[in-house]
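These notes are about the structure you will find just below.
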Amino acid sequence: GLKTTCIEKRGTLGGTCLNVGCIPSKALLHSSHMYHEAKTSFAHHGVKISNLEVDLPAMMAQKDKAVAGLTKGIEGLFKKNKVTYVKGFGKLTSPSEVSVDLVDGGNTVVKGKNIIIATGSDVKSLPGITIDEKKIVSSTGALCLSGIPKKMVVIGAGYIGLEMGSVWNRLGTEVTVVEFAPDIVPSMDGEIRKQFQRMLQKQKMKFMLKTKVVGVDTSGDGVKLTLEPAAGGEQSILEADIVLVSAGRTPYTAGLGLDAIGVEMDKAGRILVDKRFMTNVSGVYAIGDAIPGPMLAHKAEEDGVACVEFLAGKEGHVDYDLVPGVVYTHPEVASVGKTEEQVKASGIAYRVGKFPLMANSRAKAIDDAEGMVKVVADKETDKILGVHIMAQNAGEIIHEAVLALQYGASSEDVARICHAHPTVSEALKEACLQTHSKAIHI
């Protein structure tokens, strides 16, 4: 019921996620997986193909069509809900005024009783490495390469780097992932992470962990990276056609006029807010990647809904302990709640139930049985504390676990629910049974 204006500098709606993030990357992940399956698995299933080849422009066109359709869909939702759409770069000149440099030229001032900063995040650069989106690319550039590179180096072994590395690896690029930390995806459960890395290595992705980039030379045809061990030591040279910098993201809060009106931020540039998402300046709110918390589109969406519910005089709530995370590789890795390491560190007595997909009939029937489901439950109360899934479509299965954790379910509660057979989801039921050593199929 509130009169609403949305100011957006890109000229297309949907932010990073829809334009240069989640959506186009999932399109390419799916297309590249289809090619990889056709190349490596179809014959085993009795489907023979000759002269198989990648048509990269067609693959990119499919991705662009999906993005265009969804951005236009949001414009349609704006019209339906009578939201005014202003295309331009906004800057706060007071707690109730935004000066907008319009995309088409000129300037306008938008006045509002409440202002929500929802500017998201930008690619984090690394010292001494200049992203030119030609040879040294961000995830944005990695989504629209004009050809398939022979060699690619990915700097950073987080969600984004592993997903984009997987796309080009499947299409025939030799991919090496360089990571300063001793592990890939540090937020992941340790046991799942080890198995996940083995799977990616089986797919011919290479890893150089505990390694830092100390020099970059782009003077030749490709890129020469000078590497050395994170702890110091002998240097080595790694050559690539393309280098993808995937060292995380940083809040997009500079240049918005926040300093001038006195909005408090932390050292990382994140806007500090209270539980109602209000900053220290009355009438100015912030959500999503611009504030502390996991930098995920679905978390930002929940922030936005809760923030506006507060503005409308209702109650809003986001449980940051129950935001699911998904890596959209193949197999996918999805998790919610605490890892075994976190539970152990908290001192809670716990039980673990694990079930391998090798014992799941649906996974075996479709010949896609790499992975497992792991459930961590409180030993005394049996309350589920964390669920970690590595499987094809793990990102879909995880929501049963999110629901279970949200309502304080025990592993027995989930184990007693009838699951359709044959489904990969049965592996979650079996893992819950196994927290009591009662799994049926192992």
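Quick reminder: no glycine exception, Cβ is built from N, Cα and C everywhere.
In TrEMBL, annotation is done automatically, which means it is predicted and not curated.
So that you can see what the record holds, here are the features copied from TrEMBL:
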- 1-304: domain 'FAD/NAD(P)-binding' (DOMAIN)
- Cys17-Cys22: disulfide bond (DISULFID)
- Lys26, Gly90, Thr119, Gly120, Ser121, Asp289, Met295, Leu296, Ala297, His298: FAD binding site (BINDING)
- Gly156, Ala157, Gly158, Tyr159, Ile160, Gly161, Leu162, Glu163, Glu179, Gly248: NAD(+) binding site (BINDING)
- 323-431: domain 'Pyridine nucleotide-disulphide oxidoreductase dimerisation' (DOMAIN)
- His421: active site, proton acceptor (ACT_SITE)
Residue among the recorded positions Cys22, Leu162, Met295, Ala297 whose Cβ has the most other Cβ atoms within 10 Å: Leu162
By Cα-Cα distance, the member of recorded positions Cys17, Gly158, Ile160, Leu162, Glu179 nearest Thr119 (FAD binding site): Cys17
Which listed residue (Thr119, Ser121) has most other Cβ within 10 Å, given these are binding-site residues: Thr119
Helix, strand and coil totals (DSSP H, G, I; E, B; other) for the domain 'Pyridine nucleotide-disulphide oxidoreductase dimerisation' (323-431): 39 helix, 33 strand, 37 coil
Proximal but sequence-remote residues of the same chain as Gly158 (NAD(+) binding site) (Cβ under 8 Å, at least 6 apart): Ile184, Val185, Ser246, Ala247, Gly248
When distances run from the Cα of Ser121 (FAD binding site) to each of the recorded positions Cys17, Cys22, Ile160, Leu162, His421, the nearest one: Cys17
When distances run from the Cα of Gly156 (NAD(+) binding site) to each of the recorded positions Met295, Ala297, His421, the nearest one: Met295
Pairwise CA distance, His421 (active site, proton acceptor) versus Lys26 (FAD binding site), rounded so that it is a whole Å: 28
